[in-house]
């Protein structure tokens, strides 16, 4: 029964004038269970014929059938399955993967055949023991002799059953004793029912075969059969057809990726560096943005929540505002009666010289306020008490200091009930309030007194500088601002004031800081792109370096999708490690920053960290795809020929 049928097969290489006719109208049938030696000098076409038989190459024309199935009609994946299920390759140079142990090399074809880990390792150990390599399962190829490596190669060929064993100069790299051992193994496999096809240029080695086919200049010139083929039953296990990716294939691809990264530590580190810098930059910038935003919003809370301050004039740049003085205490009283208003405080101010004992302080701001001022502005009383409504009505000469002023005037004394002089008027200190958070630190002192006292006894005016309004909690501040504007405009007969809404400021700052974070993150993202290009470059180099490995994997049954998966996982792994390292570096930087900085801290968010990991993974997919695709598109013969 013919297992291989070849009819009028031709193979050309090159194009045009450079075309070389390597195989010329080859027609040959090989029976199942035969031991065939294809002999010929270098350049005769014998290796090309074996490559076509092993589905590593395709004919230019003619017919090639295996078990009656026309190979010219098969897809790339179907040819890979055929190599996995039917063939076992024995190479002259062994072609073992140096990073794997003997057992792992033997078990490799079973991964692509879809066998479980336990099943393939058990069979690998069984085959190694059968071939006299018991105890060598964990040895790397570099720890084995040439003869031992070739026996590992034979065991690998038998892993999935090896119904057809293709041996390319199997003794070419061995001494005579080791070569004879290999030939004895091939004869034994033949007796067990395997179909053996051996390529050699040595007639003495070819003599071991039952049938000798001699090729010269691409043509069969002699075909000698010694004995009829015995139809011995082959009881070797055969690989089952498989599809898609199995868990074992993914795990093996992951392990090989880790091995490749470890094998080139410095190169891998330098490749990751671009990703590390990019991720560190993005995460740190977002953390800085979050921290500064929280600090600014915390400072804004010093203005009070749901508060609006009404000023004279049309805006902060209005030079006529001081002369206009349109706001009055009556305006404040009228606003206090509105349903959307919770509290109101008129404000007046003056600046001048403050005297305590034999000390004088030239830069002192006196703020005239109502009894509800500290509640409206969200300021905390630290010591003593606040101003009462009665004191406002009585023009009482009482005052409060902020904490900074207290430290300057009374560094070691209790300020309560002490008398200070301002504008030649005595003021009794009744309390201390927390410093306002909004704004930069100032060298000026701040004291607070009833606005009636400031107006009647200090400035001598009847107008006020501003009115601060606290809006009720259940009222929309934008609606309240519109209503307040309409009310005062009608009351004054014109709009001679402007309003500063604390919520509007907060929203503006949030928007601004968000825009700045986006801008700086975009700049940092560029370094990620550069890092991704570095990953792609190194992966292209890796594909070139490991071309031989790719050819071996394809020869033992790996599909293009398996090769694509292998290198894509490696690129993703490099980027993920780089991304995680970048996040850890950013957290370390943040920890150090937060220890030494007191104004604000770096605030890391879970979202930014998760986004960074996903981003680095995506970079690996995008920039790793092209090198992985290049690897998958390699021709098996070209890859195997690469040194």
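Cβ coordinates are placed from backbone N, Cα and C, and glycine is handled just like the others.
Mean per-residue pLDDT, taken over the domain 'ABC transporter' (4-242), amounts to 87. Marked as domain 'ABC transporter' by Swiss-Prot: 4-242.
Feature annotation from Swiss-Prot assigns ATP binding site to 40, 41, 42, 43, 44, 45, 46, 47; the stated evidence is sequence analysis. Cβ contacts within 10 Å of residue 44 (ATP binding site), excluding its own Cβ and spanning all protein chains shown: 21.
What Swiss-Prot records for 269-289 (among others) is transmembrane segment, and it gives sequence analysis as the kind of evidence.
What Swiss-Prot lists as transmembrane segment is 523-543 (among others).
Long-range Cβ contacts of the transmembrane segment (572-592) within its own chain (Cβ-Cβ under 8 Å, at least 6 residues beyond either end) map to 254, 257-258, 261, 268, 271-280, 283-284, 287, 531-532, 535, 538, 601-602, 604, 609, 612-613, 615-617, 619-621, 623-624. Annotation source Swiss-Prot lists transmembrane segment at 572-592 (among others), citing sequence analysis.
The transmembrane segment feature in Swiss-Prot is assigned to 603-623 (among others). Sequence-distant contacts of the transmembrane segment (603-623) (same chain, six or more residues past either end, CB-CB distance under 8 Å): 275, 279, 282-283, 286-287, 290-291, 294, 528-529, 531-533, 535-536, 539, 568, 571-576, 578-580, 582-583, 586-587, 590.
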Relative to the Cβ position of residue 42 (ATP binding site), how many further Cβ atoms are located within 10 Å? 7
Long-range Cβ contacts under 8 Å made by the transmembrane segment (523-543), restricted to residues 6 or more beyond its ends, are 260, 264, 267-268, 270-279, 281-282, 285, 550, 567, 570-571, 574-575, 578, 615-616, 619-620, 622-624, 626-628, 630-631, 634
Pick from 41, 47: which of these binding-site residues has the biggest number of other Cβ atoms within 10 Å of its Cβ? 47
Applying the rule Cβ within 8 Å of the centroid of the Cβ atoms of 40, 41, 42, 43, 44, 45, 46, 47, what extra residues of the same chain belong around the ATP site? 201, 215, 216
Long-range Cβ environment of residue 40 (ATP binding site), under 8 Å and at least 6 residues apart: 46, 201, 214, 215, 216
If you count other Cβ atoms within 10 Å of each one's Cβ, which of the binding-site residues 43, 45 has the most? 45
